[in-house]
Amino acid sequence: FSCVFQAILIFCWVYVRKYQSRRESEVISTITAIFALAVALITSALLPVDIFLVSYMKNQNGTFKVWADANVSRQIEDTVLYGYYTLYSIILFCVFLWIPFVYFYYEEKEEDDGNTCSQVKTALKYTLGFIMVCAVLLLIGAFVPLDIPNKKNSTEWEKVKLLFEEFGSSHGLTALSFSISSLTVIGMLAAITYTAYGMSALPLNLIKGTTSAAYERLENTEDIEEVEQHLLRIKSKCRDGRPLSSRDRRTLQQLEERLRTLRRRERHLESIEKSWWTKFCEAIQPLKIVWGVFFIIVALLFTVSLFLSNLDKALHSAGFDSGFIILGTNLTNPLNMLLPVLQRVFPLDYILITTIVMYFIFTSMAGIRNMGIWFFWIRLYKIRRGKTRPQALLFLCMILLLIVLHTSYMIYSLAPQYVMYGSQKYLVQSNKTIDGQLRNVTLVSKDCDADAPEDQCIVTRTYLFLHKFWFFSAAYYFGNWAFIAVFLIGLIVSCCKGKKSVIEGEVDDDDSDMSDDELSVYYH
């Protein structure tokens, strides 16, 4: 585990330094971004660990291992549960206290380079609003009723309520669960916005590649010459002392801005064309195409499985009042069929589930990088190599923290049976009737499902945590449909787009970042 932790920290440091502005970097914002990103990745890795532990306690023939008695099983379950609550508490701390404080402190520092004490006071004042929101969520969670009006013959919901009783009734833990679930809904909206688009944009961008730097330089040079000629024509109108009209003055100002942008593009293109990194990327383009095809296959597998899982809930769950919760599967999906096959060869199933979790995180990063950070229709920040402002990095890490909270439910939606029980099996009696009499009573192993005895199959803590509040489960259900729709729209848009510019996002006319005039050192 120490090696994995070190690898996560190294990746987070490289990722943050890759996109961080060289001119505006701050130690406190850098540390905060690296820590928050590391927490997000570690939390996402807890799901495969949870599934592995409940599966490891049983043999393939359905019997418990010698060491896995009731006390040991309960200790393992509690350890995983406390791990979830510890990491989720850290996420609450980051989202409601640390990241807002650092963000507002840096904003205040930009406006006022004076008294540090004054900056801290102002940052705390704004952060207090986030703390109050967190306190309200904790109070609501401590007293929110979990019981709902029970419909007649709602056997599925009755089974789920029995699982809830096993999960415990501590008000403190319930309050934390409610707060995390509230953030998970926000993470769901972020996943719909960024992850769904990233799942379509990332593979197609790898397949298409980028335009040639030399070709773009040639086009850019022609644009510069055209703008310069237009400027000369306008300036020639005032050679005899006559003032320019207001329309010509506006046009002159626009052309001068356009010329500055084109010259910045020229500098960037010249730098990239000479870069060894560009030559290396061109050399491995065939490999990128292979990865792009692989990622688009994974994305389609992901989407089809999610669609069939949601359709299963729509057809066979107890409805909205139970949060569309079902135990087991009635409509199978590709991922649910693949995982039992991989279970036969350890540890292929854990490798697959870990790959899906990491794929979900990295496509989220790609979506945020391609789209930038928006507040409704207003673009707040852009994520660019070597030019991302500290505030944008803090926003990026907060969004990833929220998306990671939703990751577990997305994986559950893809493979509900596997997330509930992993590769556990239990023993059932098999009777044969010979001459009208029961003979040859044998015990055969069967995959754990909702019909298994409670003492024979251990439910993962992930599943119990996800479904503690039925109304959040209902929100996640509708969010899955929105996720599928946005993915399909993003896929169509990405297919219709041409190749990306080799300096995509580096220089734009509407760029609001202060680092436009500096030459990116990323390619040197």
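Each Cβ is built from the backbone N, Cα and C atoms, and glycine gets one as well.
Unlike curated records, TrEMBL annotations are generated automatically.
Keep in mind that this is a model prediction, so the values were computed, not measured.
The coiled coil feature in TrEMBL is assigned to 245-272. Among the features that TrEMBL reports, transmembrane segment is placed at 27-47, 82-106, 126-146, 173-197, 289-308, 350-380, 392-412, 469-493.
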Name the range, of those listed as 173-197, 289-308, 350-380, that has the largest tally of Cβ pairs under 8 Å with the transmembrane segment (27-47). 350-380
Top partner of the transmembrane segment (350-380) among 173-197, 392-412, 469-493 - counted as Cβ pairs under 8 Å: 392-412
With Cβ distances under 8 Å as the criterion, find the stretch in 82-106, 173-197, 469-493 that has the most pairs with the transmembrane segment (392-412). 173-197
Cβ under 8 Å, sequence separation of at least 6 from the ends of the transmembrane segment (469-493): give me the contacting residues as numbers and ranges. 144, 146, 148, 177-178, 181-182, 184-185, 188-189, 191-193, 195-197, 199-201, 204, 299, 303, 306-307, 309-310, 313, 320-325, 406, 409-410, 413
